[in-house]
Amino acid sequence: MAAASSGEKEKERPGGGLGAAGGNSTRERLLSALEDLEVLSRELIEMLAISRNQKLLQSGEENQVLELLIHRDGEFQELMKLALNQGKIHHEMQVLEKEVEKRDSDIQQLQKQLKEAEQILATAVYQAKEKLKSIEKARKGAISSEEIIKYAHRISASNAVCAPLTWVPGDPRRPYPTDLEMRSGLLGQMNNPSTNGVNGHLPGDALAAGRLPDVLAPQYPWQSNDMAMNMLPPNHSHDFLLEPPGHNKENEDDVEVMSTDSSSSSSDSD
């Protein structure tokens, strides 16, 4: 009778009995099997206690309860194995999810880099197209090298791209001196020993007058006279006020002594 009551309880319990619904989760099935084991164990213990107190032998009912208990225990063990397998699968799923997240971040990074590369390539293609248009336009309106050389000669012969600070409209001078002007300048005269004996030394009359000779005089208004004075040698800075050596007083005394000696020698000879 106890076995019948236990069977009825199993049928009433959701998910209980041998034919538990397969649509339930493994956790629910494990809890149901555990409850069945608990109920069967209590009934078996109660039956054993009653039979011991009353000293009645009802081995048939005890065997039925024991068989049910063993059967439910087998189901419980199978469910435990299934739960372990599902746990392993769940762990693998978590690992795969992390790997998927990592791959997803890598894909997003690559997508970002590809977008940047696409922008760079689009800019490069646009610039290349513009250059091709310029090249095609230059080919259509090509200019010979002779015309370019003539134009360069015209620029070098007339004016340049910049002018001196003192340049005013109508000034025919070039912004920089020509080769002829450079040769006739101060540096050119210093390097030319055949021009008025100038080879690092200036004429005495020019130094005595405190001015530069006409050859070395500045040819442009932006050349300062101070610059010309600074170009003079330092050993001539205080020699301009000195008298020539022939007009010294000591030289005059020497001349008088020599004349006296000559007159005395002439008188002795007489």
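Heads up, the Cβ atoms here are built off N, Cα and C, so glycines get one too.
Taken straight from Swiss-Prot:
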type: REGION; residues: 1-25; note: region 'Disordered'
type: MOD_RES; residues: Ala2; note: N-acetylalanine
type: COILED; residues: 24-48; note: coiled coil
type: MOD_RES; residues: Ser32; note: phosphoserine
type: COILED; residues: 90-131; note: coiled coil
type: REGION; residues: 231-270; note: region 'Disordered'
type: COMPBIAS; residues: 236-250; note: compositional bias 'Basic and acidic residues'
type: COMPBIAS; residues: 259-270; note: compositional bias 'Low complexity'
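In the three-state DSSP assignment, the secondary structure recorded for the residue listed as 'phosphoserine' is helix.
Ser32 (phosphoserine) is surrounded by 23 other CB atoms, counting those within 10 A of its CB over all protein chains shown.
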